[in-house]
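Trainee: One structure coming up, written as structure tokens, with questions to follow.
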Amino acid sequence: MKVTFNNRDPVYLQVVRYFKQEIATGRLQAGQEIPSRRELAGALHINPNTAQKAYKEMEEQGLIRTEGNSPSRITTDERVLSSLREELILDAVHTFVSSIKTIDVPVDELLHIVKEVYAKERSKE
Amino acid sequence: MIEVTSVTKKYGRKKVLSGVSFTADKGQISCLIGINGVGKSTIMKAIMGLTPIQGGRILIDGQPIDKHLYEKVAFIPDTIIMPPQMTIGEALLFMKDFYARWNEGRAEELLSFFKLNRDDRISDLSKGNAAKTNMLLGLALDVDYLLMDEPFSGIDMFSREQIANVFTSHLIEDRGVLITTHEIHDIEHLIDKAVLLDRGTVLKEFLTEELRLSEGKSVVDVMREVYQT
Amino acid sequence: MNRYLKLLHYELFRIRKLYAALFALTLLLQFAGIFLFAHSYLNQVREAMFTESISAADYAAKYGPTSFYRYTTGSLFFTGPIAICASALLLYVFLIWYRDWLGKNMFIYRLLMIPASRMSVYLAKLTAILLLVLGLVAFELLILPLQNAAFNGYVPSDLRYSFSIPDIVATHPLLKILVPNRIGDFLLYYGAGLAGVIVVFTAILFERSFRFKGAIGAVVYGAATVLIFVLPAFVAESAFPNYLYPRELWWMELAIGFLIGCGSLGLSSYLIKNKVTV
């Protein structure tokens, strides 16, 4: 587990985003057990309060479930999981769009370029 | 909660603190930030009753400092305060003898976590190991509040990392931690609250996560704003 | 109480090496002195016997015999170690505080943060000084008979007087102060000594609380207590000679000493609790 934090976004939200990415890309499976708050704090080198806050946020968003004293698990709720993927894609697209729109490129041309660059990048992997 | 209210302090004619107010909560890491000589250590000493203040009030969970509170608040100064001729083992025994809240299991755990040797004489320790021993003596007390004066200054990189790991562990969980530093970079994402000091006054007190959420500013951004205007 | 005893134990523990050195020094010098003293006396006797062709008994009759008492009063080897021990302890009255403040590791932080009354730190230091003094005096009393025996073994009996140890202690100018014959004097001397140490401790706390200004205050305070202690006796003796009986004067001094001690103790307690600074 390795996250590089920036100092301008709330650390707990960066932790939540990290979990979303891990889930969306399948590195964390539905129903999989996740580390305790204490372990997470140690692994990510964050303050235990921040880990606690991140878990609370994820619970509120329905990303994880905690029953009684057993360890927290990733949700098995399909709706939440699929919306996650959408959310991440939309987030990235929004970021992209907001930076590209200053250049004022026609959409068709833009899409064409995106396709080419994306294909090239993927072929490298 | 540690409440520092309008505290003033003079050394002779020189005013070191002029109306310092802030709070440090239980379950949070609060950080007094300021360059050397702005009165950070003096505030720590004043909270611990190690130096008298001329005005204002300091309360710990609503009570002024007295002998009973030394079982509730521990202070880790910036240098080790055990006699140099003692060994680490003797220092641990001394603490055990005098503090009802000494947690021997935790002391053992810290001894191996910091890789310290009981038989080493304090005067022979490297700077890093002296700092770790100093930390150990405070952390192994089952106190509600921990005050640490410049825990990262003047020690090697690996010792710094080890000490930083303390702040991400159960060792400080649920406790109120107040640390001072003149160098925020290493620990910026570790602290819950920042109190910016300059020349004996508090310029700004804020919760770091709240400020990131509402204004998208890092602690360093705020420091730039506050200290450069 | 418990923590006071632990602190006292620690105070004694940390001075053990220096203290043992004082014992060793006293033992060594005082015994060495006996042999040097007796040796030079016997040489003198032998020389006189040779040049004047007289017997040892004649010598004793003509020039007077020697005695262990003469050694204890006349030789630096006996009084020197006592003076050294006394000065060492006097110095330690200051060092017992300043060693915790000065130096890189300020142990005073720890001592002031012990979850017990700060007066237990103070009283532990005070008791430690008292015990160190009593210990050295007791040691001296312990080795005195041994020294006497060694002396008697070395000098033939026709060349010496023998005194009993209690007689020596009662007449020796130094020992009669350290081990007074009467319980009243013991109380007065040791009480005055204790009050003196308390006054010095208070003066040290003044200095440690207010630094430079405190140091001036400390000197003034010390002088004032000495004045208060000495003045009544001085006035009584010079202005109204024979007005007070010695016994009454003794009681007065004891009372004044007691008041000074208690007052200083109270002041010390206030300073160490509220004013002292690391």
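Placed from the backbone N, Cα and C atoms, the Cβ positions cover glycine too.
The structure displayed is predicted, hence computed values, not measured ones.
For C:21-42, C:76-98, C:119-144, C:187-206, C:218-237, C:249-272, the entry in TrEMBL reads transmembrane segment.
What does the local environment look like for each feature on the list?
Mentor: If one looks beyond the transmembrane segment (C:21-42) by at least 6 residues along the same chain, the residues whose Cβ comes under 8 Å of a Cβ in the stretch are 66, 71, 74-78, 80-82, 84-85, 88, 136, 139-140, 143, 147, 150-151, 154-155, 159.
For the transmembrane segment (C:76-98), the list of distant contacts is 11, 15, 18, 22, 25-26, 29-30, 32-34, 36-37, 125, 128-129, 132-133, 136, 140, 174, 178, 197, 200-201, 204-205, 208: same-chain residues at least six beyond its ends, Cβ to Cβ under 8 Å.
Within its own chain, the transmembrane segment (C:119-144) has Cβ neighbours under 8 Å at 3-4, 7-8, 10-12, 15, 19, 22-23, 26-27, 30-31, 82, 85, 89, 92-93, 96-97, 111-112, 165, 168-169, 175, 178-179, 193-194, 197-198, 201, 268-269, 272-273, counting only residues six or more beyond its boundaries.
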Trainee: With Cβ-Cβ distances below 8 Å as the criterion, list the same-chain residues six or more beyond the ends of the transmembrane segment (C:249-272) that contact it, or say none.
Mentor: 112, 118-119, 121-122, 184, 187-188, 191-192, 194-195, 198-199, 201-202, 205-206, 209, 225, 228-229, 232-233, 236
Trainee: Taking residues 6+ outside the transmembrane segment (C:218-237), which of them lie with a CB under 8 Å of any CB in it?
Mentor: 192, 195, 199-200, 202-204, 206-207, 243-244, 249, 252-253, 256-257, 260, 264
